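Q: Positions annotated as domain 'Acyltransferase 3' by TrEMBL: 7-319. Look at TrEMBL and you will find 7-26, 38-60, 81-100, 120-142, 149-170, 190-209, 221-243, 249-271, 283-300, 306-325 tagged as transmembrane segment.
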């Protein structure tokens with residue numbers, strides 16, 4: 001049986017990887033700070049929820065509430081863990097350098113161990129442990145209580161995370177609440193993790209895998225409306241002083257991600273073999289780009305748009321070389 005291929009999904013994966021690079025290089029900040037804020041906090045913030053959603057979709061297409069599901073899950077998690085550990089080792093020189101610069105002693109080691117489990121061994125790698133944790137939560141709830149209950153719990157977790165993430169400036173100003181919030185940030189650092197952030201978007205992927213699609217035209221219109229609501233939501237946070245660098249858990253991302261998934265999965269774009277390379281490139285660009293972005297930002301602190309394009313170019317060259325030579329050099333196969 002020939003597997004169905006999704007051209008729009010592979011293209012969207014690649015574009016999403018480029019948007020993640022934007023988040024870490026601030027390409028428009030030297031041109032207009034407000035433009036940079038809106039671009040990152042609206043368009044770019046769709047990228048990671050999309051990755052969670054589409055990962056959940058392709059996993060739960062294989063999940064049928066049977067005993068074999070455990071083998072599917074184990075294989076999936078093992079692949080993610082392998083990729084995470086390999087990239088953790090690759091980023092060790094940067095990790096050690098940051099540790100020495102911070103002179104944080106034993107507390108720095110504790111923070112690293114905490115981050116390794118919850119927030120990523122390097123800051124952009126948080127997606128991988130979050131995907132593993134979120135997948136385990138959604139899988140367990142789905143098998144025990146069914147899809148509707150799973151989505152309710154995932155939505156509740158996201159709601160808690162939303163309050164912790166978006167309203168951080170408010171909690172820091174309220175006596176006693178600020179103490180509790182400080183305890184939370186010292187133990188978990190952020191709500192943008194596999195417990196609060198990931199489950200709802202993985203759950204949306206599960207929902208898309210288990211239900212029929214909304215008509216493409218309807219999904220497109222609903223996505224446009226959801227994105228407009230996202231822009232309005234971001235504007236409200238800017239006007240009320242709630243916007244901050246770590247803000248990312250917007251309410252409008254939930255419907256926007258759902259309708260975006262519907263649009264992509266019902267797209268009629270003809271599939272080409274070259275789109276497979278976009279799929280593989282997207283993961284490599286996501287994982288490797290910080291290796292290039294950090295030194296480039298140090299060398300060109302006032303040329304962010306240049307840093308962005310140089311980072312993309314270096315990351316793409318790296319991805320192309322890995323894909324081209326992974327059959328000759330088996331070690332490279334473990335990077336994707």
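Placement of Cβ uses the backbone N, Cα and C atoms for every residue, glycine included.
Just so you know, TrEMBL annotations never went through curation; they're auto-generated.
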Q: Taking the transmembrane segment (81-100) as the first stretch and the transmembrane segment (7-26) as the second, find out whether 3 or more Cβ pairs fall under 8 Å, excluding pairs closer than 6 in sequence.
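A: Checked: the transmembrane segment (81-100) vs the transmembrane segment (7-26), no contact.
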Q: Other than its close neighbours in sequence, what residues sit by the transmembrane segment (283-300), given a CB gap under 8 Å and a spacing of at least six beyond its ends?
A: 14, 17-18, 20-21, 24-25, 51, 83, 87, 90-91, 94, 122-125, 127, 306-307, 310-312, 314-316, 318-319, 322-323, 335-336
Q: Taking the transmembrane segment (221-243) as reference, which of 38-60, 120-142, 149-170, 190-209, 306-325 has the most Cβ pairs under 8 angstroms?
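A: Result: 38-60.
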Q: Residues sitting near the transmembrane segment (149-170): Cβ under 8 Å, six or more positions beyond its termini, same chain?
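A: Non-local partners: 137-138, 141-142, 181, 184, 190-192, 195-197, 199-200, 202-203, 206-207, 237, 241-242, 244, 246-251, 254.
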Q: Sort out for me which stretch, of 190-209, 249-271, 306-325, has the most Cβ pairs below 8 angstroms to the transmembrane segment (38-60).
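A: Per the Cβ count, the answer is 190-209.
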Q: Cβ under 8 Å to the transmembrane segment (190-209), counting only same-chain residues 6 or more beyond its ends: which ones?
A: 49-50, 52-61, 63, 118-119, 126, 129-135, 137-138, 142, 147, 150-151, 153-155, 157-158, 160-162, 164-165, 246, 248-249, 253-254, 257-258, 261-262, 265
